[in-house]
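Asks: According to Swiss-Prot, the protein carries these features:
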- 45-46, Gln123, 169-171, Asp189, Arg194, 235-236, 256-260, 266-267, Tyr315, Gly485: NAD(+) binding site (BINDING)
Amino acid sequence: MRKIEAKRGLDIECKGWEQEAVLRMLYNNLDPEVAERPEDLVVYGGIGKAARNWEAFEAIEDTLRSLEADETMLVQSGKPVAVFKTHEEAPRVLISNSVLVPEWANWDHFNELDKKGLMMYGQMTAGSWIYIGSQGIVQGTYETFGELANQHFNGKLNGTVTLTAGLGGMGGAQPLAVTMNGGVVIGVDVDETRIDKRIETRYCDVKTHDLDEALRLADEAREKGEPLSIGLVGNAVDTHKAILDKGFKIDIVTDQTSAHDPLNGYVPQGYSLEEAKAIRQKDPKQYVKEAQTSMRKHVELMLEFQKNGAVAFDYGNNIRQVAFNDGLENAFDFPGFVPAYIRPLFCEGKGPFRFAALSGNPKDIERADEEMRKIFPDNEKLIRWLDLAQEKIAFQGLPSRIAWLGYEERAKMGLALNKLVRDGEISAPIVIGRDHLDSGSVASPNRETEGMKDGSDAVGDWAILNALINTAAGGSWISFHHGGGVGMGYSLHAGMVVVADGSERADRRLGRVLTTDPGMGVVRHADAGYESAIKVAKEKGIKIPMITGKGDK
């Protein structure tokens, strides 16, 4: 086991900045500021890992150091398996993580392979080396709660209390996103170290072990209309039931525990962390059974809050499905966050454009933020987001920024960043990527593609086409994963990263990839019959043969 830290500075150890970018982002994923359990190669999301094991990690490092500018490394579930001669505008790395043949696409079979050292769970950005800590999800979370506020609370969350659980790498964005929208939030986590990490990075305001204190603080802040985030140490089933029994009014309820992984992600009611770890190893089948029972109770309690007037929604961890499988027939009585709040953005190709400064210099991100303000001066939501981000977001690992941008906007920003690198206004290359949660890169019937207009929720072709077109367009590293966010059997998804190194070649690649990638979001939703996506496709000249081309019907 080694301690890995994000590498900074202008000296490189690889044969070019593109290979160096891959290495630095791999290191960044495992920096203690970023990763949840770096000693186990776990980045976030239960057992979402950056490499299969330490031997594979070191082989990836060595391969990247010797990789030529016209070669491509292939990574199979966290292990480097080949290097082939390709060409300079091809990806330097192609990654496939946790992909199983459908009949075998379940946790039991995955766990068998994992034990044999044959597979790794890549989550979304853990195994694709573009995780940037909680900031990576916080704007999407901010947008979600902002749209919820628009629909239910006249545009602001002031005077409301949100109840949620799970403050890990993904869920840790919730406290800050709610307070950015003016609300109060109680975030429950059984693992105190996770709450501590959110407080250290300014995502959460206060911590308590005492439910009564949490409710008192929440009520006082609600009465004053002031934002406040409270990390409450406890098990969600226990705390949620106690809150209901006390008759305390909850306005919004959701959840981001690692419910997608009943064995490694969710701690059943009645267990301490230590006890959970022991039984997980001693009797995994019993553990899963107890976790599923707890999740059913958890969803039952969320439904009770909904019955009492709270706005309830699933935040994409598949907890409804687990509860349904455990016999709760009305588990899907509250919606997922994508159909409820995010899909209109997806129809425009909008999604989580993110970038990181390979120099490690925060001034490079400041300059990029300044450029974004110049390019999009009329985008009020974006400007407000940048104001809030600069004030409230602490960088984890390499300095980075996320900003939801749409079709044409991403390419415009990517080319602008490349010019800043070329002109020396940014000191070293920038990597540009995104979460796999995006408009055209996921098939996930209980999350991103829940309730599609044409019933195409489970069609996996789109995620594969996204990876293929971004490879053809010349991304720097492209990934295709199974099971991220919602667990084995429930999702297929693709990721892309492209490096802005200031070169003319990078201009070509950025222009292509940052057009094809959001373009797939517009195409996917236009094909499903969303009028707003069809309108964008026609206005922007996206060629969709049977919608905008000669194949019109």
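Positions of Cβ are set from backbone N, Cα and C atoms, glycine also.
Looking at the shown structure, what environment does each listed feature sit in?
Replies: Annotation note: Gly169 (NAD(+) binding site) sits in a coil segment as assigned by DSSP. Within its own chain, Gly169 (NAD(+) binding site) has Glu36, Val43, Tyr44, Gly45, Tyr131, Gly133, Ser134 as residues 6 or more apart in sequence whose C-beta sits under 8 angstroms from its own.
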Asks: Name the secondary structure element type, per DSSP in three states, that contains Asp189 (NAD(+) binding site).
Replies: strand
Asks: Taking 10 A as the limit, how many CB atoms besides its own sit near the CB of Tyr266 (NAD(+) binding site)?
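Replies: Excluding its own Cβ, the number within 10 Å is 27.
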Asks: Considering the binding-site residues Gly45, Gly485, which residue's Cβ sits among the greatest number of other Cβ atoms within 10 Å?
Replies: Gly45
Asks: Taking the Cβ of Ala236 (NAD(+) binding site) as reference, which residues of that chain separated by at least 6 in sequence fall under 8 Å from it?
Replies: Ala165, Gly166, Val188, Val190, Asp255, Thr257, His298
